[in-house]
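As written in TrEMBL, here are the features:
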- 108-115, 190-194, 248-251: GTP binding site (BINDING)
- 269-282: domain 'SRP54-type proteins GTP-binding' (DOMAIN)
Amino acid sequence: MAFESLSGKLQEVFKKLRGKGKLSEKDIKDAMREVKVALLEADVNFKVVKDFINAVTEKALGQEVMESLTPAQQVIKIVNEELTSLMGSTQSWLNLGNKIPAVIMMVGLQGSGKTTACGKLANLLKKQGKNPMLVACDVIRPAAIKQLQVVGSNVNVPVFTMGDKTNPVDIAKASIDYAKSHNMDVVIIDTAGRLHIDDELMEELINIKKVVNPDEILLVVDAMTGQDAVNVASSFNERLDITGVILTKLDGDTRGGAALSIKAVTQKPIKYIGTGEKLSDIEPFYPDRMASRILGMGDVLTLIEKAQAAIDEKKALEMGQKLLTKQFTLDDFLEQLQSLKNMGPLDQLLGMIPGMSKNMLKGIDISEKDLKRVEAIIQSMTKEERQNPSIINGSRKKRIAKGSGTTIQQVNSLLKQFEETKKMMKKFADFDKDIKKGKLKLPFFR
Ligand SMILES: Nc1nc2c(ncn2[C@@H]2O[C@H](COP(=O)(O)OP(=O)(O)OP(=O)(O)O)[C@@H](O)[C@H]2O)c(=O)[nH]1
C-alpha cells in the first residue's frame with residue numbers, strides 16, 4: 001500500500017506526543033524533527049519538507065495549542081491541515097471548457113501509464129454521460145496505436161487513428177474535425193512518450209497544443225518514480241504549461257513523495273490517481289482524504305463512494321431486509337461477494353477504514369480464482385440448499401464438491417464463511433443503528 005511507511009512513522013510520532021499530556025516547546029521540536037525525517041524518507045522534495053515543517057512548527061508553538069487541554073490532538077490537526085494544503089487543499093475537477101468537442105491532451109514519459117490513463121478517463125467520462133473519442137497520436141512506439149485500440153474497445157469508446165505514417169500534429173487536427181462531424185463531445189489525445197525528456201518530443205507536443213487548443217493538458221506520471229516524477233512534472237510544466245497531473249500506480253509500494261510534492265513544486269494540481277491496472281482503477285484526487293489516509297485516520301468517504309458505485313442501492317436495501325427477516329441465502333451471499341470484488345482489491349479498501357493497519361490485513365484477499373470457486377460451489381447446490389443451507393448434510397456436501405470440482409473441505413469452508421458473513425452483517429446492522437442513535441462515533445469524526 002502506498003504511504004505505508006510514512007503513515008506508520010507519523011503515527012508513531014503522534015503516539016509519543018499523545019502519551020505526554022502537556023507539551024513543551026522541546027517536545028514539539030523533537031516531534032517535528034521526526035516528522036521531517038519521515039517525510040524525507042518518503043522521498044518528499046527537500047524544499048517542500050522544509051517549508052512544511054516550518055509552517056507546522058510555527059502553528060504548533062502558538063499559544064492555543066500549548067495551552068489547550070489536548071495539545072497532541074491539536075498538533076495532529078495542524079499536520080492534517082498542512083498536509084491537505086500541501087496537496088492542493090481542495091479537489092480539482094476536470095475543466096472541459098465551453099467548446100465542443102472539449103479537448104484533453106495527455107502527455108508523459110514512456111511507461112508512465114499514459115495509454116491506460118486515456119482509457120480510464122474515457123471510461124469515467126462515458127459513465128458521466130459524455131461521448132468521448134480517443135485519438136492515437138503516438139506514432140513512435142511500435143504497437144502504441146494497437147494498444148489504444150484495445151483500451152478503446154474495452155471501454156467501448158471509438159479510437160481515431162491515421163496509422164503511424166502521418167504527422168501527429170495533422171492527426172490531432174483531423175481528429176477534431178472528425179469529432180465535430182460525429183457528435184463526439186470530448187477528444188482525448190494520446191501523445192507519444194520518450195524514455196527521457198527531449199527537445200524533439202517537446203516540440204511535437206507544443207505543436208499539437210497549438211493546433212488543438214486543449215482545455216486540459218494532463219501530465220501522466222508514475223508515483224513509483226518518486227522525486228523523478230516531480231522533476232518530470234516541472235520540466236513538462238515549464239514547456240507546456242500543463243493544467244494538471246494524473247498520478248498513476250499509487251496502488252504500488254510507493255513511498256508517496258510524488259503525491260506530496262507535485263502541487264507544491266509545480267503549482268499544478270493532481271486531478272486523478274491511478275490505483276491499479278484495470279480501466280476502472282481511477283479516482284479523483286482529494287487532498288483532504290489523502291491526508292487522512294496518510295495519518296491513519298482512514299478515508300471513509302471514498303469507501304462509501306466506492307460502495308455506492310459498486311452496489312445497487314435498491315439491492316442493498318433488499319439484502320438488509322432479508323437479513324432482518326432471516327432470509328439471507330447463499331444466492332445473496334454470492335451476489336454480495338461479486339459486488340465487493342467490483343469495488344477493487346480488498347487490502348486497498350480496508351486501508352481506507354480508520355485504524356486498520358497492514359498487519360491486520362495479512363491473508364485477507366478474495367482473488368478472482370476464489371470467487372470462481374465459490375460461484376461453482378453455490379451453483380452446484382439445489383435451489384432448496386441455497387435457500388436453506390442447514391439441510392446440507394455429509395452426502396449432499398459430497399455431491400456438491402463433486403459437481404463443482406472442489407473438495408468437501410472447500411464446501412465446508414464456504415458454508416462457514418457464509419455463516420460468519422451473516423453474523424458480521426448482523427453486527428454491522430446493529431453498529432449502524434447505534435451510530436444513528438448517536439451511541440457510537442466513528443474514530444474518523446472524533
Ligand atoms: N499497478 C498499476 N499499473 C498501472 C497503472 N497505470 C498503468 N499501469 C501499468 O503500467 C504499464 C504502462 O502503462 P501504459 O499505459 O502502457 O504506459 P504509457 O505511458 O502509455 O507508455 P507509452 O505509450 O510507451 O508512452 C502497463 O503495464 C499498465 O498496465 C496503475 O495505476 N497501477
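Using the three backbone atoms N, Cα and C, a Cβ is placed for every residue, glycine included.
Remember, it's a predicted structure, so these values are computed and weren't measured experimentally.
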Using a Cβ cut-off under 8 Å and a sequence separation of 6 or more, which residues in the same chain sit near LYS114 (GTP binding site)?
MET106, VAL107, GLY108, ASP190, THR191, GLY193, VAL220
If we skip the immediate neighbours and take only residues 6+ beyond the ends of the domain 'SRP54-type proteins GTP-binding' (269-282), which ones have a Cβ under 8 Å from one of its Cβ atoms?
87-88, 92-94, 113, 116-117, 119-121, 123-124, 151, 154-155, 218, 223, 244-251, 259, 262-263, 344-345, 348
Would you list the DSSP helix, strand and coil counts for the residues of the domain 'SRP54-type proteins GTP-binding' (269-282)?
0 helix, 6 strand, 8 coil
Which binding-site residues from the set GLY111, LYS114, THR191, ARG194 have a C-beta atom lying less than 6 Å away from ligand 1?
GLY111, LYS114
Taking only same-chain residues 6+ apart in sequence, whose CB is under 8 Å from that of GLY111 (GTP binding site), what do you get?
GLY193, ASP222
All-chain count of other Cβ atoms within 10 Å of LEU250 (GTP binding site):
25
If you count Cβ atoms within 10 Å of each one, which of the binding-site residues GLY108, THR191, ARG194 comes out on top?
GLY108
